[in-house]
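**Q** So Swiss-Prot says this about it:
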{"type": "BINDING", "residues": "Cys146, Cys149, Cys199, Cys202", "note": "Zn(2+) 1 binding site"}
{"type": "BINDING", "residues": "Cys163, Cys166, Cys185, Cys188", "note": "Zn(2+) 2 binding site"}
{"type": "DOMAIN", "residues": "5-70", "note": "domain 'J'"}
{"type": "REPEAT", "residues": "146-153", "note": "repeat 'CXXCXGXG motif'"}
{"type": "REPEAT", "residues": "163-170", "note": "repeat 'CXXCXGXG motif'"}
{"type": "REPEAT", "residues": "185-192", "note": "repeat 'CXXCXGXG motif'"}
{"type": "REPEAT", "residues": "199-206", "note": "repeat 'CXXCXGXG motif'"}
{"type": "ZN_FING", "residues": "133-211", "note": "zinc finger"}
Amino acid sequence: MSKRDYYEVLGVSRDTSEREIKKAYKRLAMKFHPDRNPGDKTAEANFKEIKEAYEILTDADKKAAYDQFGHAGVDPNRGGGGYGGGQGDFGDIFGDVFGDIFGGGRRGGQRQAARGSDLRYNLELSLEEAVKGLTKELRIPTLATCDLCEGSGAKKGTSATTCGTCHGQGQVQMRQGFFAVQQPCPTCHGRGKIIKDPCTKCHGDGRVEKSKTLSVKIPAGVDTGDRIRLAGEGEAGEFGAPAGDLYVQVSVREHAIFVRDGNNLYCEVPISFSKAALGGEIEVPTLDGKVSLKIPAETQTGRMFRLRGKGVKSVRSHAVGDLLCKVVMETPVNLNDRQKELLREFEATLTGESKKHSPKAEGFFDGVKKFFQDLNS
């Protein structure tokens, strides 16, 4: 009877991640585990099939061979004698030979337990939080060391035993014609040990899915794109190997008033026509509260004022940026009759004196006049 496709056995697609494969395995292993189905031969057969599929699809070398050659690529009985072992074995042999030559293959000896994967957490902050700094409580979904077996993967009271196929070496020698090469042991996958009685909680993986809460200090001055590394706070490693790291990726939300550029802040401040013409003091918002800003008489709209030290403290030095305020003159609206009359009277006083009171406007209209004269000449 031909074997079922390993991906079909676990109910996953060929592009599924290793983490999803592990989740599918754990779900099915719990369903068909012999301890839960005593005396059920069908469940026992299903469990063995699931375990075999899992062992192949979570081993990078075996998975690659299976994806290319199917079951023939991972059948240890097809490795003996001559070139009659089939295309799958021939390809695997040359893959290992050239992998060793160019540094891609494993050296002899047991496979080292893999370091835990790094994790990334996207943290969104307000501008105020980013500028002042704070401590955040982050809830991180991860793989943690199984507390029942303490990461060994073996059932409580038992331990891993020496592999009978490779006798603890983690490697087996295979011959193909004139070639003799070492490959990871297909039984223990290079570990040199096998777990006969897997832990009932982690099912032999040594790790379980878990969420943990971390208190993370965010330094003052961080900005979008900054990354904070927390060593050892990633996923737990395999069978006691070091854990990965956690990287907190910072992004800062847009602010209703301020725009940040490096350590400087920018904002627009509206002023009245009379304030721009006569001058005076206005209140300007900063991240530390309101401050007074003196507006000189005859200030034009768009003029920039710099408030030194009112920007952002650099996260990498003691430098502090500035706050740059651009004043924008507002045209008055909803005028009553008296206000309109006063503006007409004011406008009348400017007749014949536009160069004196509006030099930029007069210069602009002189330029327009000259442009049309040159055009018609």
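Placed from the backbone N, Cα and C atoms, the Cβ positions cover glycine too.
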**Q** If you skip the near sequence neighbours and keep only those at least six away, which residues in the chain come within under 8 angstroms of Cys199 (Zn(2+) 1 binding site), Cβ to Cβ?
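**A** Spatial neighbours, sequence-distant, of Cys199 (Zn(2+) 1 binding site): Cys146, Leu148, Cys149, Ser152, Gly153, Ala154, Lys155, Lys156, Gly206.
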**Q** Measuring Cα to Cα, how many Å separate Cys202 (Zn(2+) 1 binding site) from Cys188 (Zn(2+) 2 binding site)?
**A** 18
**Q** Using the CB centroid of Cys146, Cys149, Cys199, Cys202 as the Zn(2+) 1 site centre, which other residues of the same chain sit with their CB within 8 A?
**A** Asp147, Leu148, Glu150, Gly151, Ser152, Gly153, Ala154, Pro198, Thr200, Lys201, His203, Gly204, Asp205, Gly206, Arg207, Val208
**Q** Note down the number of other Cβ atoms within 10 Å of the Cβ of Cys188 (Zn(2+) 2 binding site), including every protein chain shown.
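**A** For Cys188 (Zn(2+) 2 binding site), the count of other Cβ atoms within 10 Å is 26.
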**Q** Hey, for the Zn(2+) 2 site built from Cys163, Cys166, Cys185, Cys188, who else sits with CB inside 8 A of the CB center?
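**A** Leaving out the recorded residues gives Gly164, Thr165, His167, Gly168, Gln169, Gly170, Gln171, Val172, Pro186, Thr187, His189, Gly190, Arg191, Gly192, Lys193, Ile194.
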**Q** Going by DSSP, give the three-state secondary structure for Cys149 (Zn(2+) 1 binding site).
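**A** Going by the DSSP assignment, Cys149 (Zn(2+) 1 binding site) belongs to neither helix nor strand, so it counts as coil.
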**Q** Looking at Cβ-Cβ distances, which residues of the chain lie under 8 angstroms from Cys163 (Zn(2+) 2 binding site) while being 6 or more apart from it?
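**A** Expected: Gly170, Cys185, Thr187, Cys188, Arg191, Gly192, Lys193, Ile194.
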**Q** Can you give the mean pLDDT for the repeat 'CXXCXGXG motif' (163-170), rounded to a whole number?
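**A** Overall, the repeat 'CXXCXGXG motif' (163-170) comes to a mean pLDDT of 87.
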